[in-house]
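In what follows, a single structure is set out as C-alpha cells and then discussed.
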Amino acid sequence: MRGTIFVVSGPSGAGKTSILKEVLRKIPNLEFSISYTTRPKRPGEKHGEDYFFVTEEEFKDLINADEFLEWAEVHGYLYGTSKAFITEKLERGINLILDIDVQGALAVMKRMPEVATIFISPPSFEELKKRLISRGTESERDLKRRLKDARWEFSHIIDFQYLIVNRSVKESVRQLEAVIIAEQLKIDRIKDHMGMEEILRGV
Ligand code: 5GP
C-alpha cells in the first residue's frame, strides 16, 4: 500500500522537533522527510539526517531542475521538499512526516489533497518567545524574524485538519501518535488495498 504523508507545521519554537523525534522512534514504518536548506548547520546537526545542507546556488539549480514538490523562503533561508525523496519512500509503502512551514504546507495541500495535516502550536505567544530565547540557537535578528513569522503562521491554523497545543511533550507525542494511527485506519486510505474490495462490498 502506498505510504501516507503527514504534514506537520507550526512556529519555530513550538516544540515540533522534540515531538517528532519521539513519534518517529515509536511508530514503525514512519520516516522523516529530509528537506534541502540553505540555512547554516546548527551544532549537532548532520547532513543527510536533519537536512541536506546546500548553497544558495545549488538550491537554485534544484529549483530550475523542478526537483521540489514545494519550496519556500523561511526566516530568510530557502527550504524545499524533494520530489524524488518522497516518491521513492511512498512507493515503498513508507509513511512520511514532512516538517515544513505553513507556506509549504499550503502548497502541498493544493498539490496532494490526500495528505493529513497537523498544526503544532505553543500554548501562547509569550511561551513561544520564552522557548526561542532559552533555546539560544538564533541570533537577535533571526529571533525577531521568527516571532514575526509565527504571527502569520498562527493565522493559518484554520487551514489544517488537526491542532496539537504543546503544553507537555509527552502528551503531544500521545496526541500525534493517535492522529497518525487513526489516519491510517481511514477507509479512504485502505480501500484500494488487496482484499479490502470484497470486505467493502460486504462479501
Ligand atoms: P529550522 O531552521 O528551525 O530547522 O526550520 C525552520 C522552518 O522551516 C520550520 O518551520 C520548518 O518546518 C521549515 N521547513 C523545514 N524544511 C522545510 C521544507 O522543505 N519546506 C518548507 N516550506 N519549510 C521547511
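The chain as shown is numbered from 1 upward.
Keep in mind that glycine also has a Cβ here, set from the backbone N, Cα and C atoms.
In TrEMBL, annotation is done automatically, which means it is predicted and not curated.
Residues or ranges marked as domain 'Guanylate kinase-like' in TrEMBL: 3-181. Mean pLDDT, taken over the domain 'Guanylate kinase-like' (3-181), works out to 94 on the 0 to 100 scale.
For Gly15 (ATP binding site), the same-chain residues that are 6 or more apart in sequence and have a Cβ closer than 8 Å to its Cβ are Ile120, Pro122, Arg131, Asn166, Val169, Ser172. TrEMBL lists Gly10, Pro11, Ser12, Gly13, Ala14, Gly15, Lys16, Thr17 with the feature ATP binding site.
Taking Pro11, Ser12, Ala14, Lys16, Thr17 as the candidate binding-site residues, the subset whose CB lies under 6 angstroms from any atom of ligand 1 consists of Ser12. Looking only at the binding-site residues Gly10, Pro11, Ser12, Gly13, the densest Cβ neighbourhood within 10 Å occurs at Gly10.
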